[in-house]
Structures are given as structure tokens and as C-alpha cells.
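To start, the structure itself, in C-alpha cells.
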Amino acid sequence: MKITIVGTGYVGLVTGTCFAEMGNTVTCVDIDEQKIENLKKGIIPIYEPGLEAMVKRNVVNKTLLFHTKLKDCLDNCDMAFIAVGTPMGEDGSADLQYVLQVATEIGKHMTTPLIVVDKSTVPVGTADKVKSVIDQELKSRGQKIEFHVVSNPEFLKEGDALSDFMKPDRVVVGTDNKETAEAMRRLYAPFFRSSMDRMLVMDVRSAEMTKYVANAMLATKISFMNEVSNICELVGADVNKVRIGIGSDSRIGYSFIYPGSGYGGSCFPKDVKALKKTAEQEGYDAQLLNAVEDVNDRQKYVIANKVISHYGKDLSDKTFAVWGLSFKPGTDDMREAPSIYIIKKLSALGAKIQTYDPKAIHEAQTYYLKDVKGVSYCKTKYEALQNADALLLLTEWKEFRSPDFMEIKNSLKEPIVFDGRNQFDSDRLQELGFTYYQIGKK
Ligand code: UDX
């Protein structure tokens with residue numbers, strides 16, 4: 001198939017590259033000229049394991065092309081995917097200006113029948129808006145060209161994006177047109193080796209809703225466990241044991257019940273807010289979603305509060321080693337990362353921070369911690385420990401899971417660890433003479 005993907009962010013670039021990998025001819029379009037120049041050379045703007053090699057391979061094979069002008073990429077194109085950003089607007093709703101700008105461009109310049117696919121996470125009713133914008137543009141040109149708007153939300157996770165896309169749990173397609181559903185089936189067939197059962201065709205609004213509900217459900221599981229972790233501490237229980245105790249019930253399951261320093265990233269915070277807003281616009285007060293958000297906001301400060309209750313509110317003579325900045329392992333993404341909130345709070349109380357992250361230091365220095373006082377960046381995790389008062393573990397990168405505890409002990413002024421991800425065995429740390437603070441256990 002001949003496919004155009006608009007937007008070369010996380011979703012757009014991964015989608016385009018994976019379709020190209022399956023033998024389609026894909027053109028990825030972005031208005032950022034520098035980004036497109038780099039992509040043509042195989043230089044990708046994000047860190048995602050395996051993506052650079054796949055981009056390069058498909059650029060060389062000429063199955064993956066890059067362009068800055070959408071109007072040049074619509075002739076004889078089978079499908080145009082809209083994968084531009086839907087940032088959070090001031091009132092918490094998803095800002096659709098970029099999606100609708102793309103729809104306008106498509107309506108202005110399409111010349112042949114087209115399937116327009118909403119890949120961006122967009123609120124219920126967006127496909128109808130996209131359709132009416134394209135209709136209007138065609139009308140004003142006096143043209144009648146057949147097109148269909150499909151909702152095809154993306155469920156990939158950062159850090160696992162390629163395997164999530166290449167081996168999806170399911171593909172959700174929202175359309176009420178049979179031929180369009182068939183074309184989507186053909187496009188995705190190579191991704192399902194054994195059966196197409198995992199391709200779920202439904203009406204457009206249900207497909208749009210599915211994406212928000214999936215993210216809100218996962219965020220709810222996390223906030224629920226974070227709430228439970230705070231209660232566990234108060235009653236003298238150990239949330240690590242409770243987690244295993246409940247996860248073994250197959251109705252509950254083990255995934256997404258890890259307590260921590262709150263969920264972050266580009267999706268959960270934004271999507272929970274947007275779903276709440278959608279409900280509000282319909283006059284419904286989504287109480288559970290409000291609580292999910294409130295618990296998460298509070299959870300980001302749990303580790304900072306443990307530091308404060310240990311040392312007091314004046315941290316001006318304290319230095320902390322911070323391991324991990326990204327919102328989760330496997331990515332350089334720091335959007336809504338708990339580390340930002342924790343470091344800002346400790347810095348505001350006078351503390352110095354020596355930090356190390358395998359991938360996110362550039363992001364921190366350039367954007368998220370740029371104006372935060374007293375933060376220095378280290379080349380290794382052990383360098384960050386030198387003469388620090390305590391270690392704070394904020395992202396569970398693999399390289400932090402089994403560190404040399406004696407080196408930690410010898411480098412810190414006192415052997416104290418604040419663990420925002422419950423990575424270590426508390427009995428072992430206590431045997432080694434550490435004071436070990438974690439989430440959900442006194
Ligand atoms: C998420 C969804 O998983 C994905 O399907 C959707 O397309 C985009 O949003 P992502 O944001 O990449 O993906 O990260 P994910 O791995 O889901 O983690 C989200 C956050 O939840 C992270 O901050 C993580 O640390 C936190 N988390 C996850 C927990 O605190 N506990 C858990 O048990 C699981």
C-alpha cells in the first residue's frame with residue numbers, strides 16, 4: 001500500500017517505520033525541516049531501542065521516505081494517518097488544532113480517494129470533526145472525492161514501541177464502512193501471523209473511547225496501589241507482599257500494580273485529564289478519575305516527604321545522589337516524570353543534587369531541570385554517590401537493580417537509601433547496615 005503518515009513524533013515515526021518494514025511504501029511528513037533532513041540520513045529525534053536501525057534499513061530500501069509538504073504526498077495514496085500531537089489544552093481537554101490543521105490540508109489537496117486514519121489519541125467525536133473539515137474543503141473546491149475517516153488508536157509503550165507495534169495485543173479499528181474495514185485488515189494482516197481475531201472492528205466512537213479507557217484503567221490500577229501503599233505504611237503492612245498476594249488472583253493479575261512515585265509520561269496524565277473533561281462536557285462528574293489524579297499528584301511527593309521527615313526542612317547542607325530521571329526505564333522521556341517534582345522540592349529546600357540517568361540527562365539539562373538550582377550531572381551511577389548524604393532511586397533502570405552495595409555504602413556519607421520504586425531487598429540492605437526507606441513499608 002502507499003501510505004502517508006503526518007507527524008514524526010513517537011507514534012507517527014514508529015507506525016510509519018513498521019508499515020515500511022512490512023513492505024508498504026510510506027512517506028512520513030513533518031513541518032519541522034531540520035527533523036526531516038535528519039530522518040533522511042537515518043538520525044532519529046528520540047531514543048527508542050531498535051528504531052534507528054529499522055529507520056535506516058527502510059530508508060536504504062526506499063520503503064521509507066520523508067517529506068515536509070503534505071500536499072505533495074496525497075496523490076494516489078491509499079491511506080493518510082494523522083499522528084500529530086494532541087497536547088493538553090489549558091482547561092485539561094485535548095487540543096485538536098494540529099489534527100484539524102492536517103484535516104484541512106488533506107481536504108485542500110487530496111486528488112484521489114483516500115482513507116484518513118486518526119492515529120493520534122483524540123476525544124470521542126474527533127473523527128466526525130475531521131470528516132466535516134475535509135467535506136467543507138472539498139465542497140469549497142467544488143470536488144467530490146470519496147474518503148472515509150477511521151479511528152485506529154495506538155497502544156504502544158515507549159521503550160517497547162517496536163515490539164508492541166509489530167506484535168500487538170489487539171488492533172482497534174473504528175469504522176462503519178465495510179471496504180474500509182477490509183483495507184485496514186489487509187494493512188494489519190502481516191502483523192498477526194496466526195489469526196485476525198485480535199483485529200477489533202467497531203464503531204468510530206467506541207474506538208476513540210477505547211484508547212482513553214485503556215489508559216485510564218491502567219492509571220487507576222496504579223493510583224489504587226499507591227493509595228494502598230500509603231495505608232500499608234500506616235498499619236505496618238508491606239505493600240510488596242500485599243501486591244503479590246492480590247496479583248496471584250487471576251481476576252486481578254500482576255501487571256500494573258507496582259506502587260511507586262506516581263505515573264508519568266506523555267499519555268496517562270494527559271489522557272486521564274482529557275477523559276475527565278469529556279465527561280464534564282457532558283455534565284458528568286467523573287469522581288473516580290478525579291481521585292486517580294489526586295492520588296497521583298500526592299504520590300509524586302512521597303519520597304521527598306520521607307527525606308524531609310528524616311532530615312528536617314532545612315536541606316541547605318545536604319547533597320543527594322539521584323539515580324534515574326526519565327519517567328520510566330527504557331526511554332529518555334521526562335514528561336511528567338516524578339523526578340522533576342522530587343528534585344524541585346528538595347532543591348527549593350536548599351539541597352544539592354548529583355544525578356545520573358542512562359539516557360535522560362540531555363532532556364533534564366535542556367528542558368526539565370534547566371532552571372533548577374544546585375543540580376549537577378554525572379557520567380556514572382557511582383560518580384553520583386561521591387560524598388552525598390543519601391541515595392534516591394527514582395527510575396528502575398536495569399543497571400540500578402543489582403548495584404555494588406558496598407560501593408554505595410563507602411561512597412555515601414551515611415548508608416541511607418530512599419527507594420521510590422521498591423527495587424531492593426530490604427532485609428539484605430538492613431543486614432549491610434543501610435537505613436532503607438521505600439514505598440508502602442515502614
Ligand atoms: C502508556 C500505555 O501503557 C500505552 O498503552 C499507551 O499507548 C501510552 O501510555 P507509556 O506512557 O509508554 O505507555 O508507559 P507505561 O509503561 O504504560 O508506564 C506509564 C507510567 O506508569 C510510568 O510512569 C510507570 O512508571 C508507571 N507504572 C507502571 C507504575 O507506577 N506502576 C506500574 O505497575 C506500572
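Note that Cβ sites are derived from N, Cα and C of the backbone, with glycine treated the same way.
Remember, TrEMBL labels are computer predictions, not curated facts.
In sequence order, T86, A94, P153, E154, K211, Y212, N215, C267, K270, D271, A274 are the residues of the chain that are 6 or more apart from T121 (NAD(+) binding site) and have a CB within less than 8 Å of its CB. Marked as NAD(+) binding site by TrEMBL: D30, K35, T86, T121, E158, K270, R335.
Around the Cβ of F155 (substrate binding site), a 10 Å sphere holds 17 further Cβ atoms from the protein chains shown. Annotated substrate binding site per TrEMBL: F155, L156, K157, E158, K211, F256, I257, Y258, P259, G260, G264, K328, in sequence order.
C267 (active site, nucleophile) counts 24 other C-beta atoms within 10 Å of its own C-beta, drawing on all protein chains shown. Per TrEMBL, active site, nucleophile is recorded for C267.
Positions annotated as domain 'UDP-glucose/GDP-mannose dehydrogenase C-terminal' by TrEMBL: 321-426.
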Which residue among the binding-site residues K35, K157, K211, K270, R335 has the fewest other Cβ atoms within 10 Å of its Cβ, if you could check?
K157
From the binding-site residues D30, K35, R335, pick the residue whose C-alpha lies nearest to the C-alpha of K157 (substrate binding site).
R335
I'd like to know which of the binding-site residues P259, G264 has the most other Cβ atoms within 10 Å of its Cβ.
P259
Contacting binding-site residues, sequence order - K35, E158, K270 vs ligand 1, Cβ under 6 Å:
E158
Close binding-site residues near R335 (NAD(+) binding site), where close means Cα within 10 Å, chosen from F155, I257, P259, G264:
G264
Hey, which of the binding-site residues D30, I257 is the loneliest by Cβ count within 10 Å?
I257
